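Novice: Quick one: the structure is below, questions incoming.
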Amino acid sequence: MSRRTRCEDLDELHYQDVDSDLLEQRDNRCKVKWTHEEDEQLRALVRQFGQQDWKFLASHFPNRTDQQCQYRWLRVLNPDLVKGPWTKEEDQKVIELVKKYGTKQWTLIAKHLKGRLGKQCRERWHNHLNPEVKKSCWTEEEDRIICEAHKVLGNRWAEIAKMLPGRTDNAVKNHWNSTIKRKVDTGGFPAESRDCKPVYLLLELEDKEQHQGVQPVDGQGSLVSSWPLVPSIVKEESSEEEIAIAATSAKELGHEPVPADLGEVRTPEPPESLKREYQEFSSPETSLPYKWVVEAANLLIPAVGSSLSEALDLIESDPDAWCDLSKFDLPEEPSTEGSVVSSPVQPQTSQQQQEEALQSSQQAATPGPSVTEYRLDGHTISDLSRSSRGELIPISPSTEFGGSGIGTPPSVLKRQKKRRVALSPVTENSASLSFLDSCNSLTPKSTPVKTLPFSPSQFLNFWNKQDTLELESPSLTSTPVCSQKVVVTTPLHRDKTPLHQKYPSSEVLPDQKYSMDNTPHTPTPFKNALEKYGPLKPLPQTPHLEEDLKEVLRSEAGMELIIEDDMRPEKQKRKPGLRRSPIKKVRKSLALDIMDEDGKLMSSTMPKPLSLPTSVTPSSCGFTSPGSKEGNSLLNQGFLQAKPEKVVAAQKTRSHIPTPAPMTHAWKTVACGGTKDQLFMQEKARQLLSRLKSSHTSRTLILS
């Protein structure tokens, strides 16, 4: 929770009626907040008529009294009021005046401080200037005390602050709203450790409340109880499962089991001092207010004067024995109406337990009157210990013992060992029959289950390869069709044979197979493509990257060009130092590929000479005739057959290109930098370069 700024507090105070604690004329007052128009009207009236006659000023307001107008002016609207931060001189003045007048005369102290009110001086002293106020960090013990006290007292910060010496009510409230409340709401508040002592609150009760009974402090369900004058007699009984186990073991050994009766438990009485205090408290002659102790479990215990420390020492000496409910039992005799009234009980000692166990065994050996036993679930006690309210314990009488000493146990205790159903990997019919027979042989549950119209095993079957392929490549239909095959079979147990027994040593396990395989694993869509087009053939890595890219580009262009690499082998040879890298060759070949095609087309359209030298053959020049050898590829022949069409198309396009018009003198002047401004800029550039040339070395631009 973020703290509010000073301006927000002043704005709220500006429009708030803060004179609600005045005692006079309470019926005729208007408790509505002052509006902005009323404040402006009051300022104007005070400037005009002064502060002498407040009744006359209040007559201008329909529902405001003279005291309200005066209070509003003096506490809120007075321009002489100082509402800013305190200075060191003001703090020192307040400390001196408190030493002189005490901490009660705040109105008198405020008269010595110009522009300050008594309320401001009081809050400044109690929150900041008081030397007893702690300004250190909050400890975990203080947080725990605030949390426990807030459960009982609520937002009564003044009373909570009395439990924390050195902390003010305002500091406690701010710490709760900013830190502890968030931790409690989110469950992040640390749980109470065993070493922490319980919190005790001292509350004073008036005399009139003594005869009416003590009420809960904060209405939060705190349990109010008086000190038990007579300790109740309780009995302990073992749980149901222990009874059944003891009965079965006794039958096997041939002995009759002894009923679980631990006898009566005598609890220690409270101290005599507490008895006297309780009797004095209950007597009608007492008129003084008494102090009550509120323990961490929200129990109110009467205590007076010096005996309070004795009661606290008694509880603190053995908190486990006083607060552990696991050692407590129930009353032995039920009421006639069938209801059981719970009463406070006290723990027992180990020596008493041994003596009473001895007595119970003797009583069990001798026949005696029938005793009604009570059965109690252990979870009930644990739930009751967590509860903060007074509740009755639900108890139901157990079955009576017969003449033989033991009766039939209840149906809940007739438990059989669960039979394990082992299904062998056989046919579906036999497996389903054996599974149904084994299910019928089991002990029926309390709630019958209706047979299902379908087999649950259809959700557990694994898909085969055909189903996977159909889901990956479904058929394109207007209506989606489910291609999964419904197989109604009984699920069998998974084969849990170890891998070293299931697979021989000669075979390779799946994980070893994948670890030894160096080839990357192909995803399923690529596997489908490989099945369609055939497996990939590994090809050796070729160093002729340029030729491979040429083949790809020519195949995409839909034509085949004649490679003339064999024509000039000497020109292609270069010196070892000037050899280009394959990347530069590829870059250049990609850029000059189109120029290569145009040059070949132009060379094919040139007319053949009448006589060719004998050393030059058509095959060496790169041309092929239609009647050449069959060794030429079909693509080369197709290229030669399609030559006349391309030539005609090229001639048509060139014939339609118009001749460019000659440039005029004005165009040349503008385009070639002959205007005045261009010449001026050129001259300036030359001058700049001439200046820089003497001081800087020229660098040539290398374009490669």
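Positions of Cβ are set from backbone N, Cα and C atoms, glycine also.
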Novice: Can you identify, from 106-129, 634-657, 658-681, the stretch that Swiss-Prot calls DNA-binding region?
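Specialist: My reading of Swiss-Prot: the DNA-binding region range is 106-129.
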Novice: Any idea which of 54-77, 294-317 is down as DNA-binding region in Swiss-Prot?
Specialist: 54-77
Novice: Which stretch does Swiss-Prot mark as DNA-binding region, out of 157-180, 229-252?
Specialist: 157-180
Novice: For the region 'Disordered' entry in Swiss-Prot, name the matching range from 267-290, 603-626.
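Specialist: Within the set 267-290, 603-626, Swiss-Prot attaches region 'Disordered' to 603-626.
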Novice: I'd like to know which of these recorded sites, K527, K550, is least surrounded, judged by other CB atoms within 10 A.
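Specialist: With the recorded sites K527, K550, fewest surrounding Cβ atoms within 10 Å: K527.
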Novice: Rounded to a whole angstrom, what is the C-alpha distance between T524 (phosphothreonine) and K550 (SUMO2 cross-link)?
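Specialist: A Cα-Cα distance of 33 Å.
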Novice: About how far apart, in whole Å, are the alpha carbons (Cα) of K550 (SUMO2 cross-link) and K527 (SUMO2 cross-link)?
Specialist: 30
Novice: State the count of C-beta atoms found within 10 angstroms of the C-beta of T524 (phosphothreonine), not counting that atom itself.
Specialist: 11
